[in-house]
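Visitor: Sequence annotations record features per position, and here TrEMBL assigns transmembrane segment to 12-30, 79-97, 118-142, 162-183.
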Amino acid sequence: MALVYQPVMQLSGLLVSLLGWVLSCLTTYLPQWKNLNLELNELEIWTMGLWQACVVQEEGGMQCKDFDSFLALPPELRISRILMFFSNGSGLFGLLLSGFGLDCLKIGERQQEQKKRLLLFGGMLFWISGITAIVPVSWVAHSTVQEFWDENIPDIVPRWDFGEALFVGWLAGFCLILGGSLLNCTICSTEVHPSSVHYAVAEQQDQCQCLETETRP
């Protein structure tokens, strides 16, 4: 039963990590990291992402403008760009390593130790990817809360609020960490894979046949 459960758990961890990586990539390019509702004009909603600022109009759709300079961005947005790129890259590398380390993959069936190492490195990369996805969205959320409750800003000035991309980023980080944990949990199992048992029995039978042939007159 454990031999059947382990590949299922590995595949589940990989699929959850894949979902987290897709959401992480989506978070990187969504322009809804911050939302701004203007009380004077409720028909317009301003949004800000890592790459551009947009205005959503009820009649005219969405119009976006890319940021002119990287250095002109607030510190949290500059660092968030770097961390999200690192998260996407480490997540992609983790998917590649974990994919080759799955027990259900026929490639490298005799090299179980190497496949376990691939799963271990892939799970660790998913952890790193998840953490580096949670840190920037949490930082932007923290700065947004500080600006929202800043008493030095007059009440008539509109305040930025949480955007949808922040919640997508938190979900992405959670999925990546959960997927990496599932993969690493399977490494702790000491069960022998059926394919390795099959090869061991086959090799033992071949050796017995060779001994019988040599002992015949």
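The backbone N, Cα and C atoms fix where each Cβ goes, glycine too.
Nobody curates TrEMBL annotations by hand; they come from automatic prediction.
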Visitor: Restricting to the same chain and to residues at least six past its boundaries, which positions have a Cβ under 8 Å from a Cβ of the transmembrane segment (79-97)?
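Guide: Residues 14, 17-18, 20-21, 24-25, 27-28, 33, 50-51, 70, 73, 118-119, 121-126, 128-130, 132-133, 135-137, 139-140, 176, 180.
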Visitor: What residues in the same chain, six or more past the boundaries of the transmembrane segment (162-183), come closer than 8 Å to it by Cβ-Cβ distance?
Guide: 9-10, 12-24, 26-27, 30-35, 47-49, 87, 91, 94, 98, 119-120, 122-127, 129-131, 133-134, 136-138, 140-141, 144
Visitor: Going along the chain, which residues at least six beyond the ends of the transmembrane segment (118-142) come within the CB cut-off of under 8 Å?
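Guide: Answer is 10, 13, 17, 20-21, 24, 27, 33-34, 76-77, 79-80, 83-84, 86-88, 90-91, 93-102, 162, 165-166, 169-170, 172-177, 179-181, 183-184, 186-187.
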